[in-house]
Structures are given as structure tokens and as C-alpha cells.
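Asks: My questions will all concern the structure given below.
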Amino acid sequence: MTVPATDSCPAPIRVPAGTTAAAAVRDAGLPGRGAPDAVVVVRDASGTLRDLSWVPDTDAEVVPVAANTDEGRSVIRHSAAHVLAQAVQELFPQAKLGIGPPITDGFYYDFDVPEPFTPEDLDKLEKRMRQIVKEGQLFSRRVYESKEQARAELAGEPYKLELVDDKSGDPDIMEVGGDELTAYDNLNPRTRERVWGDLCRGPHIPTTRHIPAFKLTRSSAAYWRGDQNNASLQRIYGTAWESQEALDDHLRLIEEAQRRDHRKLGSELDLFSFPDEIGSGLAVFHPRGGVVRRELEEYSRRKHIEAGYEFVNTPHITKAQLFHTSGHLDWYADGMFPPMHLDAEYDDDGTVRKPGQDYYLKPMNCPMHTLIYRSRGRSYRELPLRLFEFGTVYRYEKSGVVHGLTRARGFTMDDSHIFCTREQLHGELASLLRFVLELLGDYGLTDFYLELSTKDPDKFVGSDEVWEQATTSLADVAAESGLELVPDPGGAAFYGPKISVQARDALGRSWQMSTIQVDFNFPERFELEYTASDGTRQRPVMIHRALFGSIERFFGILTEHYAGAFPAWLAPVQAVGIPVADEHVPYLESVAAQLKSYGVRVEVDASDDRMAKKIVHHTAQKVPFMLLAGDRDVAAGAVSFRFGDRTQINGVPRDSAVDAIVKWIADRENSVPSAELVKVSSGE
């Protein structure tokens, strides 16, 4: 949960040769320790972040980096991870150090310890960390003269020894990188004696007192460097901020996020579950969840038909050769389920009469859509051809990264593949992006930015020229949208660059939603052609597009965005009748029948519970419209509206109530209904 960072770009300052960056910051009158915008590091002309103790050999112009910026927070969190590691090794001397990087909104550190950490251990560690912070220990950078010196010093730290020779470029490995091998020592501020140290490339804040606010949040198991074949370590997570106020805001957001967790709400609202008997990452939707999912799909299906898409269906498994042709088995095999060897025939003595072949669960729909295109000759008059499918795919996600509906192993993509001419590409991309943004907006997501993922130089197919053309087309369309564009170097799939539409939810969290990917490679691999207007055979361009990402993921995101209180048009139960007493049930059933005639999903609660308990229950179930009826309502042919925010409208004529509910649903209002928003005339 991200508390907004300061985006202002401070003016550069000059650091004279032979003086520290800290002195230049002080002379410039910039904020120091204690202020939320205190300068914690500087960025030099090459873009490298430098400690405030850095002394340039020649005059240097640097940009101050404040604590309340993304970069400043990252430095604070990295330093907090060091303080955590120091506390762990003081309280648990047998602990061996793994890695401890800053991450979004926090930090973690991995440790090899005999027993998992307990909540009581975290309390003790946090207490010791506060003491270290209060001591004001200095972070002091030291350069190793050689790798041999580093190895000798780190002889008791096997995981650090492994990192001395690391050349992976993994951004989570803060220990090494750059031209030098360095350590950061924590020094006693009075004696300058080394208290603790760690292999690290930095940078760091000047002293531990520059960590104004932090908290340890949890611990878990984690494989060394994320590989399940490696040792299992214990990971401690924490968060650190530039002020206590920012930390408190963050913790409130975490608490709210936990309240909105779709896995929790899925159980409470009886929407979906993950039975152990089926397997990790494989969801089943219950009747109420099935209603929401159906409404999500049906509205999307209607909008796609209006936009000129043609619906197709493809099987869940296919022969291995298809994924050899597409390149998936060359580049994506680790993300696929193991093959099934089928079709072999044997003689009675076991001799193979006909060899079998491998089949795979499909991880993507695109190869099959190319076969639909290729099934007959195509003319330029048919292009653009927009194929669309709710296609279920299967990906072998590691168990440690599976997370409810938002990271599953089996899911249904709202998958489209568009085949067009090169001349049509720009217009098709522009209209496609507009379509994506409008449709997501219809579901209540309106705060967007774009991410442009470009070629991974070590993992791509096709020529540089083709990649450049595709990337330029996407960049131009992104610029025309007027939305913020964030670069993602090396983030593209192996077959083409892409634009990702990122949406911010009600808590300000960013979610990757739609992807739009240009692909010149698949048409080559599958030898796709069309007859051009001059009679020549030409290659089409292929555009991959998943608007929701997957139905399951979008379901999970919307569940959290709305905290389970889905808009009435999506809600599994749109209205419920709550009688004051049993004798009022028949009247409410007649109101319900009237609503059902308009297609409203309505129930009447005829249980033995008291009315107050029924209201509490249906409020917890997030039913948008509760209709109450007692003697006066029945006599007047009216109902009383009750809403989730506890507001109420009494004595509404039943026809007016029905009209109001039907209109609210038909208009696809995404706000939560209340006495203030629902326009009806009260009979009182």
C-alpha cells in the first residue's frame, strides 16, 4: 500500500572537490535529519546514487534525493534491512545472512537459522532495532582490496561468499554490483569502532538515526535466491518510512487491504474456494461467485461484439509440435505443465507399433488462434480480423507465488488476437487502447497509466528492425493517449513489445490489467498470409490483447477494489426483502416477483431470525438494496429502503422502489447505493 511520494525535482547543487556531499547539502540550506524531506543521498551526473559521505575528486554537480521520494525511501529501507540483520545476529548469533533488499513499501532480509522466527522473536528484534537506531551508528563504506580479502572476511557467511562472484545482475542482490566490491560497516558514533558490517554496494543513509519510523511485519520461509532446489531460509519483512505519520498511514492501508483481501471475502461472501483436493492455484466458483463472473463475461462479450470481434473456441490441450512452432517450448517451457504422452499403440508383446506423442495443457491461446487464421486463404478485405475467446489456460506457477485468484495456475483469459496490415497497425492500436480504457472504466476502474515493455536482449526472436518498428508503433499510440508512460526495459515477451495498462484501485495500488502486444514474429513462424489489393501475398501483423488479464484475476481485483460490495449490476444478490414479521413475507414475495419480472436478482429472507439480525447479515453480505416491510408499508403498498451505510428511506411506494432499483441496475451505476444517491419519492 503506497503512501504517495514526493515527485518534485530539486535543483542540482555543487559539491566542491575534496568536500563531502553532506557539507554541500548543509551549505545549500537543504532539510536535514528529522524532516520528512531530509536529504538522504545524492545522485551524481552518471545517475549513480552516492552516500552523503561521498567526496568527489573534482567539482561535481549532484541532485539531492529526499527521504520522502521513492529513491529516498528505498535507501532508508535498505539501511533498515541492515539494522535488522545486525539485530538478528546479536540475538541469534548462529544466524547466517542471505540477502536484504528494499522492496515496494518495505524491505526483507533472509536468514539461515535452526528454527523459524516467532512473533515474540520479531518483538524482541524490533526492540533491539530501536536501540540501534537511537545509538546513531554510522554507515561507513569500505572497499575490499580484492575478492580474496572479501572471501577471507566472509568465511563464516556461506551465502555471502556465493555472492562475491555473482554476475546475475539480479536487482534484489544489493551486495554486489558496479566496479568495486564493497562493505558497509556500522560504527560506534563515539569511538568509531566497527560494531557490525555487511557485504553491500550501497548506498546508505548517514546514520541509523535517519530511520525515523519502521516496523517488522511478518516472517515466512523462503528459498535461497527463490530456487526451490536451494536451502530453505527464514525471511523477515519490515517497512520503513520518512516519518511516523507516513508509517501510520501505510499501516492503516495495510489493515484496510487485509479487510479487502479477496481470499478472505471470497469465503465470507461464498463466492469461490480453492479445495485441496483439486490443487493449488485452481479455483472453483460457487453459485454467487458464478453470477458475478457471468455478468463480467456477458457485458464484456456484448461490448466485443459491438466492436467487431468474432468469437472462437479452442481446446485445452494440443500436440507439442504447436508449441515448438510458436516458440513456447523454447522460451516458456518452465511455465508449462509437464507433457502427457499419448496415442502410442502396442502389440500384445509390448512392442511399440505406433509411437506416441506429447500433448500439453495450453499456457496461451495465441498459437491456436493463428491456426484459425491459417485455416483458409485470407484477403486484405477481411482485415483487420479480430478473434476473441474466453480461453482457459494453465501455467505451472511455483507454489510460493500462487496467490488466490490474482496468481493462479488455471485461469480464463479474455484473449483477443487481431490480424491486420502494417498500414492498419497504428489505427488499430489506437482504437484498441481506447476500447480497453473505456471497457475497464465501465467496471469502475478509471485511474490509469501505461507501461511500455521493450526487448530483452537475451530472450527474443525476430530481427532488430522488426522489434524497432513494433516498439515505435506502441510508443506513438501511448503518447497520443495522454496517459503517463513508464518504461519497462527488457520486460517484453520473446515475440514482441507490449503496452500494459496499469490501473490504480480504491487503495491506490497499481494492478497490471490489459496488455497490447505487437507481434511480427508469429506470422512468420506460422507462415500467415493474405492477398493484398495488388494480388501479392503479404504477411499480416498480429496483435495480442488480454483486456482483463484473466477473468479470475479481474474478479479478485474488483473484489478488493469494491471491498466485496460489488456494483448492483454485478452483485450476486441485488435486492433482498426483509419482513418485520412473518405475516409480511407474502407481501415482500409479491414485490420480489415484480422485481424478478425485470430480471433483478432478488431474495426474501423468511428465516426465523429477528429483523435486526437479518439486516446485519445482509449488510455483511453486501446486498445493495434491502427492502423492509411492516404493517404500515403493507397497508400503504410501500417498502422502506435500507442501505449498507445504515441510511434509510421510509415509505417508498412499491412501484417507485421497483423503478429506482431497475434504473440503478440498468444504468450500471458503480457507486454504492445510499439514501443520498437513490432518487425516490417517500410516501411519508
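From the backbone N, Cα and C atoms, a Cβ is placed for every residue, glycine too.
Swiss-Prot feature annotations, pasted as is:
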- 1-66: domain 'TGS' (DOMAIN)
- 261-567: region 'Catalytic' (REGION)
- Cys366, His417, His544: Zn(2+) binding site (BINDING)
Asks: For a quick check of packing: other C-beta atoms within 10 Å of the C-beta of Cys366 (Zn(2+) binding site), how many?
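Replies: So the Cβ neighbour count for Cys366 (Zn(2+) binding site) comes to 25.
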Asks: What residue among the binding-site residues His417, His544 has the most other CB atoms lying within 10 A of its CB?
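Replies: Neighbour-count leader: His417.
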Asks: Residues other than Cys366, His417, His544 within 8 Å, Cβ to Cβ centroid, of the Zn(2+) site?
Replies: Met364, Asn365, His369, Thr370, Asp415, Ser416, Gln517, Asp519, Phe522, Met542, Ile543, Arg545
Asks: Should Cys366 (Zn(2+) binding site) be counted as helix, strand, or coil on the basis of DSSP?
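Replies: Once the DSSP labels are grouped into three classes, Cys366 (Zn(2+) binding site) ends up as helix.
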Asks: For the domain 'TGS' (1-66), give the DSSP counts of helix residues, strand residues and coil residues.
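Replies: Taking each residue of the domain 'TGS' (1-66) in turn, the totals are 7 helix, 17 strand, 42 coil.
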